[in-house]
Amino acid sequence: MVMLVLLAIWVPGLLLGLTLRLRGWTLAAAAPVLTFGAVATGTAVLGRLGFSWSWWSFGGWVLGVAVVLGLTSWLMARRAGTAAARKSTDGGPAETTAGVEPGRTDSRSPRDHVVVAVGVLAGLVVGAVTFLRGIGGLGTINQDWDAPFHANAIRWIAEHGDPLPSALAPIANEASNGSYFYPNTYHALLALVFDPNGGSMPEVLNLGALAMVLAWPLGVAAVGMAWRMPALGVAAAAAVSTWFSTFPYDQLWRGPLWPYVAGVALIPATLALARHVIVPRGLAGPVGLGLAGAGLVGLHPSVAFVLAAYAVMLLLALLLRFEPVRWRVARLPLAATVVVTGLLAVLVMIPALSAKAGVTAARWPLIATPVEGFGQAILFSPNAPNPQWWLGIPALVGIGLLIAHRRLLWVVGAYLIFAIAYAGCASLESQWVFTITGPFYNDAWRFGALLPLAGALAIGELVNTLSGAVRDKLTARFRQPWLPVTATLTAGAVMIAMLGVLGHGAYLHRNTERLAWKNNDASGPDGDNSGATVTKGEREAFQWLKEHAGDSPVMNDHSDGSVWMYALAGVKPVDWSFYGSPADSDSGMLNQHFNELDTNPDIRRKVDELGVRYVMVGRGFVRGNQSVRAPGMVALDSVPGLREVYTNPDATIYQVTDAPEPVSTPQLSNSRR
């Protein structure tokens, strides 16, 4: 399963990247975002054409796009002919003056690539160990609010084959809403690797998250290499990128925000692709960035605003000559990029407009004072009472060095935007704040996730600068031909090691503890179900329902672990989501009055119409004491029309007496009366 998920995320993008003539670190890092770009555009096109979503349809779509891109690249190269190669930015082919067909020179030495690879490997190891130790195993179920919805979406797409976002309306308790929208690119890809007939949903969810943890340091390395950062600085940035609590770990226990995590994790790779717009490399810039943008927007529309911030800052850096550019060469690729990215983004984003009101109306409690919010942002420690001092202070110094060296100033500019947005969202309640932060659900945690990219690159700049100073002092005193390289690399390694030690092992314990806050379902044999939303006993009850309920919907309480029954066992609940149903819908009425089954003819009629034969009550509640039993699900043991047929310490199942026979394909309408 591990290899299947990783191959599904990387291989389609690698194929598309090769046809775009990407090479080196950019190709390796951009493959996942190109895969998601293919999924986002594929679901939009294939869904509207009526194709079922499967490996066959998706594979055909990817191959078709690859053939078109490959032929176009070949024709452009043939037309352009042989051109003088220019300096490569990331160890791949060099660009030509015409910006069409690259040569094969390499400005990075093999030693540079090895140094960067070591840094990336260090980041990968810390990220993987932190994640796996934090969740406790690939079979662990995240216990927070959004997890069952994402899991239900993956199974729904896998079972029904409809890749359009509107097809998810039933699992959001909005079956009658034909304009329903939720970004489903992440779910559509994982649906391809999930087997509805016995597959492990927790493993699919956790492997998808792990893949994004691994993609993060790879992307950090790619953006550093593409934008001419010294190799040692790139290696240091990649190594420390997985030490920050605010991303990716805080977004993986709270929520969890899996699609948003994927979008943020792949931003660095997208910024690496942007280099090929400024220094053109055929279709790599316009089409590569367009596909990547579509993929990120398909993962979560709010990422479009993140990309816009980087784009504005980069444009300013180009206009102010902080980044060198040959406008005569770059103007056509830049215009083409705007057109292609705009068209693909519109294709993916148009359906999202229907959900705008619900997104921007979200409100969260304030988590800091203005001073605290600002301090957390500049120390790269959002939402944390105890800052990560040994990341925050070096990163802050590194920001100063990036400014002094006039390197990646556009990244620093974007960081300042995100830091201000975080501080405002975390500490202020005003209309102007809500207007700015609305696309992010007015959620400060999401802005906190945008800070570590600049922080990692800043630490890389600090390590490179200090290592260079050590090298200069030693070489001035000892004139040995091997000393400059040895001194630089040794000093860099020692600095990273010192930060790791001062951070109590690269903040491994801190981050694993935070991940475990909502990954504590105690699903193993010795678990005690402490703090669980869906318990081991509830999962056993799901399996009983799978054997007895057939396709009939099971009456449930939207606040307990029963909303997981579909994702984990394929059993359809009456109420799919922790948000519950509209009060005037069928399921909303049942949640309020189901215990009136024998006294209210309307309730009996609704139960019969829906084909409900079983009722489940679970022990676990989402977010513990924030949830209470639905009024209609109280005291069911005293309802004469219900008969207890299954019980364990965590769950009770009742059978509706005189219920109709199982229906083959029931549809819960949730229609407004």
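Residue numbers in this text run from 1 along the chain shown.
The backbone N, Cα and C atoms fix where each Cβ goes, and this holds for glycine too.
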Annotated range (TrEMBL: transmembrane segment) out of 30-53, 54-77: 54-77
Range from 114-135, 332-353, 409-429 with the greatest count of C-beta pairs under 8 A to the transmembrane segment (298-320): 409-429
Interface check, the transmembrane segment (482-507) with the transmembrane segment (332-353), three or more C-beta pairs under 8 A: no
Contact between the transmembrane segment (204-227) and the transmembrane segment (388-404) (at least 3 Cβ pairs under 8 Å, separation 6+): no
